[in-house]
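Novice: So Swiss-Prot lists these for the protein:
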- 267: active site, proton acceptor (ACT_SITE)
- 282: active site, proton acceptor (ACT_SITE)
- 844: active site, for EPSP synthase activity (ACT_SITE)
- 1188: active site, proton acceptor (ACT_SITE)
- 1217: active site, schiff-base intermediate with substrate (ACT_SITE)
- 44-46, 79-82, 110-112, 115, 135-136, 157, 175-178, 186: NAD(+) binding site (BINDING)
- 1-391: region '3-dehydroquinate synthase' (REGION)
- 404-862: region 'EPSP synthase' (REGION)
- 1296-1579: region 'Shikimate dehydrogenase' (REGION)
């Protein structure tokens, strides 16, 4: 297909040329119209990969005239390079090439290139000619036209620039062939915008072609092209398939912009109409960039600004609905809360205050006043420029939570006429009848809502009718085909929460014809829709020959209707006591049955008979006459036939919706008229004013077609003793809120209004009766349910209405609209300012009255505001309870108690709760008496009650079979989906079976245990969002290690422990074992000095999920919970994992998140699906975005790295890791330049090969290293940590520092051997020596003045004296009152710290003591300096009380006075006090000299306290602070007499020294080697 070349004038010149494949024309025009000595083509490096660019440059070169030259300059792609610095670099290049004022610059690229190069042209030589060749849709229709040029600054986009009109803008649509799909759709937003503000005809054309566009763009394919010897992957779209459409949309959009620019070049007024959608859109973009694109944010902005126009009573709801529909149809977001868009933007929050702040710096604002472009109708703006809008109104449209203020601002005698939207009931019936009918029918006043949108879409999917629009979208035109064209579709009919549509379409589906490839239709909806009943209708259709399957829950959607089965007709019996819609559904489809239908309604009195009458009357209008049986009650005869569509059908306004403005009049004492609903209405709810409001004290005037209500003075409504609302069940909610403020004035009266006949309201969008009871209670209004109704007990005064907590709408339009009325009555009669009432989910009113809030605000005068959403009850890092699931004997009870202890939660075993409720023995006895099924049902009930009752601050341990029940699984998944933790505790199944077979206390399974596991395994995975693999422990050491590992794990996944990215020089070691089990003893030495450890999953011998989980468990235990980097390196990225096994890869990456690893390496070459799955489900895990160039394809200046870096930023990874391949040494220098220019995220950037080793030395964050203990390095050129440090030292990166231990006597000090061992192993150049002195002044004079001082270890007697020379003190040093560590700060300043307490604290942790020992007391023996550190450490461990004993009693009292009262220190002066201690003492620290006999009095008190160790969840533990002798008298007493676990003093010594080492060097010390060196020396 060919399209003609079009020239569009701007400012009087034919500047814009639009065509397809016009490279020849571009070149000829430039050379003919812009003669020059120098032409400079400037583009970004991405464009160079496109063949069309090569063709264009080739044409320029081939046709260049003699005496002229062509230069070419490339810039790096992306907004990050649209800077003043880049502009200067371009200008320097032009100057260096001798470019003069006759230069012509040709800008080839997207918006970034066009903006920046235009600005270069505007200032170079005071202005040179520029030609724009836009290559993206957005640039073609927007940025290239109009002469706006700019660069970005750190403070904002486009803040520095100029207006500089190009000589030409060449729009060659061929560029769009290689535009990626998302970029294509992104540009469409601006196209829709221009049509929306200026060209209604083009807007309608865009509506008609939306399906074609999305079909073609979604069909784009990736292809490989060779450009100048290099192969590149490009997206390729078949533009030919929609060339006419794309050409037109580009051309028409350009015409709008050129016209506006020609009228207002400098944006004095008219031109800012082009900013429709941008005021709010730019605010979203500022927060969501770079994940969200400009057009995507403008799309959301257009919706919000259209809603703002509707809110201000300027734009009709129909026009908003059209705009919403077209944006969605072109694949653009219409709300920031759409799941796919939230996933794309990584679930970033868009806080209301931040959005408003971003809007405040919009260039078109009037000072502090915000301006927005308002829409009058599709194709026309309101006025000729942007309008000032209030923050209050903006806030309202930006949020789904609204604040309703008291109705105080009403005019006296206010009279309003309100026209509600078309009836939902009539709208849906009319659409079905017209679709089944023959001929064209124009339907007017159709309700434009979610329900009707789903119905229209379904009719189109089934090919039931041809649908067009007239009157600018206000009138829908259906050309029905008499049902003959109904056709099965493979795509499920998604109906949201549209109950009416679902019921009507179930019968319509029975008339659908099969195709050769499709034999069924599937109806589905949202979660609530899949709970609502449809059973009676399905039963009747099944009995009539229609084959229907439930695909999920019985009696609810989704349904699968077999289209090969026929609707036979004849007698049909239907239970109609739940919903009249079942009846209407069969009635409307009955004429198309094979035989005439007799429909008998059975099972009791039919509900809502007036709606059945409505259907029958409407069928008459379409030519089918239904006769009621004269012989049988509630029975109808429907003849065979075809509907004949009337030329026009006008939908009556919705009578249910009309109840809200009428009730508003009743409650506020004002007058409201609804002009198109009267007593002749088809709808039962038209009776509401006459049968409900009038008896309650209102004046009601009703004609055939109108209803007027005037309320009594405020507070004058009377309760209604009894009303049967069966003819108008939907209106009962409105009646309830009116009744809430109705009273009879009698003292002691309950002011009761009784409403009956509404049982069907329990199965609507929610259980409406219960919802009204619950939400009325929040206002202080009592209500109670009746079998088929509700009683509301009104308040004696409106002043008694309470300001409730947030009102929940249950995603139910009628609940929200009803409570919007009662909300305004709170405080309405009080003079003082009253708080507003918050209503949640306000947008649910879109189901029937999208503009209800606009009417309430603009027409009825209510004050509304928007508000930041309340936080969900269950949030990450909250005290949300944790549920633990797993097989019997997995260790749930033990681990749950650890979990509770670590988090400070309470522990609840649901088996224990069961036994308490059962009160007849154990679970085993219950099962023996009642069976497993009864137990499961009871267990599920208890679980659901417990989750609700103990939702915060608890650890709930469940029975192994909790996942057997579907209801329990649903509750577990719901809890997890709200941010709660459901933890699957997993053990080796063989070990579990072995244990269970030997345990007689548990009820026996009726089947093989392994079979039970195999059945439950998937259920555990389905319900849990975290997994912990607990290996079998064979010793107390392993058990303690497991506890410590678990506590670190649970604190990490719950957010109590932050995963930190190192900020100093750091490294991780890359493990290359194929199975860690045989090498776990080596892991502590392999990981020495490293900040993390990488598990190369691709190098493991098996990718089985259980095997990998075990490997992770081994690694956690062996490395003492060192942060794990989980890496699966694919073959294309230099690893061993198959590139094509995406399924296993996805499962393994999911496992990584489920087991809570600290880091996941995510290759930037993975599919978008996997990448977004990772980043959106990462929880507390950090993501490393990695890219490797093993084949040395890309120089560090190549755009590949820039594009990958921008990709990493758009994915918002936590760390970027780039690995190149060095061919020569200069590659390292280029890498360092790249590192300097890319600082937005922590960057690991290295080169492989021996030549690239230097880059590993210079890398700062998380450098990958190997170890001599590993079988091989994981990459070419990889170094050990000590090698890196040694080379870095040789380069001057590390300066040798001198460290000293100071004090006296220190001849036996182990500090030098401790620290020097660490320095040697890690390759550090430092030296540690002794400096013996008793004078702090001497230390100051001789050591603190040394320039190479690295730090001091301070011992007796200087721990107090040295403090006067410190400039800063750590919190621990202040409270302990002593310094044992001096840290130089530079400039002659020093910080004093204390690591003695860490020596004590970490020694306890290393010996199985949990991080928090809540409920247990501590014990300190002695009252010297070390005792102070012991007190501090025990408090940090969570000891509830700390008991002190000393040989003399004065010193411990002094010690007690120096600590805060919350430490709960108790001095035990005698044995009687010691024996009187209540509670358990679990930790003790001995700080008395070990080389002298113990005082008898002191020993007696010690023994009394040690005897108090009872009932702890860990073995009571005593730490001996003295490290000589190896076994002290105190150690023997505690161990031999009281069986306490003993920690020798050498451990405290090493732990406090290791803490110093890490403070001074920043490196994690090699603990095992240091400990061996210290203890060997000691021996």
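The backbone N, Cα and C atoms fix where each Cβ goes, and this holds for glycine too.
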Novice: Looking at the active-site residues listed here (267, 282, 844, 1188, 1217), whose Cα lies nearest to that of residue 136 (NAD(+) binding site)?
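Specialist: Sorting the active-site residues by distance from residue 136 (NAD(+) binding site), the top entry is 282.
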Novice: Could you state the CA-to-CA distance between the residue listed as 'active site, for EPSP synthase activity' and residue 186 (NAD(+) binding site) to the nearest Å?
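Specialist: Here the two Cα atoms lie 28 Å apart.
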Novice: What Cα-Cα separation, expressed in whole Å, is found between residue 282 (active site, proton acceptor) and residue 82 (NAD(+) binding site)?
Specialist: 18
Novice: Any same-chain residues 6+ apart from residue 176 (NAD(+) binding site) with CB under 8 Å of its CB? Would you list them in sequence order, or say none?
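Specialist: Result: 137, 184, 237, 239, 246.
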Novice: Tell me, if you would, which residue among 44, 267 (recorded positions) has the fewest other CB atoms within 10 Å in the structure shown?
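Specialist: So among 44, 267, the recorded positions given, the one with the fewest Cβ atoms within 10 Å is 267.
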Novice: Using residue 112 (NAD(+) binding site) as the reference point, find which of the active-site residues 267, 1188, 1217 has the shortest Cα-to-Cα distance to it.
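Specialist: With Cα distances computed to residue 112 (NAD(+) binding site), the winner among 267, 1188, 1217 is 267.
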Novice: Would you mind sorting out which of 44, 79, 82, 186, 1217 (the recorded positions) have a C-alpha within 10 A of the one on residue 1188 (active site, proton acceptor)?
Specialist: 1217
Novice: What's the number of neighbouring CB atoms sitting within 10 A of the CB on residue 79 (NAD(+) binding site)?
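Specialist: The Cβ of residue 79 (NAD(+) binding site) has 17 Cβ neighbours within 10 Å.
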Novice: What count of other C-beta atoms do you get within 10 angstroms of the C-beta of residue 844 (active site, for EPSP synthase activity), across all chains shown?
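Specialist: So the Cβ neighbour count for residue 844 (active site, for EPSP synthase activity) comes to 21.
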Novice: Between residue 79 (NAD(+) binding site) and the residue listed as 'active site, schiff-base intermediate with substrate', what is the CA-CA distance rounded to a whole number of Å?
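Specialist: Cα of residue 79 (NAD(+) binding site) to Cα of the residue listed as 'active site, schiff-base intermediate with substrate' measures 21 Å after rounding.
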Novice: Between the Cα atoms of residue 186 (NAD(+) binding site) and residue 267 (active site, proton acceptor), what distance do you get, rounded to the nearest Å?
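Specialist: About 24 Å separates the two Cα atoms.
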Novice: Name, in the order they occur in the sequence, the residues of the same chain whose CB lies under 8 A from the CB of residue 82 (NAD(+) binding site) and which sit 6 or more residues away.
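Specialist: Those within reach of residue 82 (NAD(+) binding site), by Cβ under 8 Å and sequence separation of 6 or more, are 112, 115, 116, 151, 152.
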Novice: Do you know offhand how many angstrom separate the residue listed as 'active site, schiff-base intermediate with substrate' and residue 44 (NAD(+) binding site) by C-alpha?
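Specialist: Taking the Cα atoms only, the residue listed as 'active site, schiff-base intermediate with substrate' lies 24 Å from residue 44 (NAD(+) binding site).
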Novice: Can you give me the Cα-Cα distance between residue 267 (active site, proton acceptor) and residue 44 (NAD(+) binding site) in Å, rounded to a whole number?
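Specialist: Distance between the two Cα atoms comes out at 29 Å.
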Novice: Could you check what DSSP calls residue 1188 (active site, proton acceptor) once collapsed to helix, strand or coil?
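Specialist: Once the DSSP labels are grouped into three classes, residue 1188 (active site, proton acceptor) ends up as strand.
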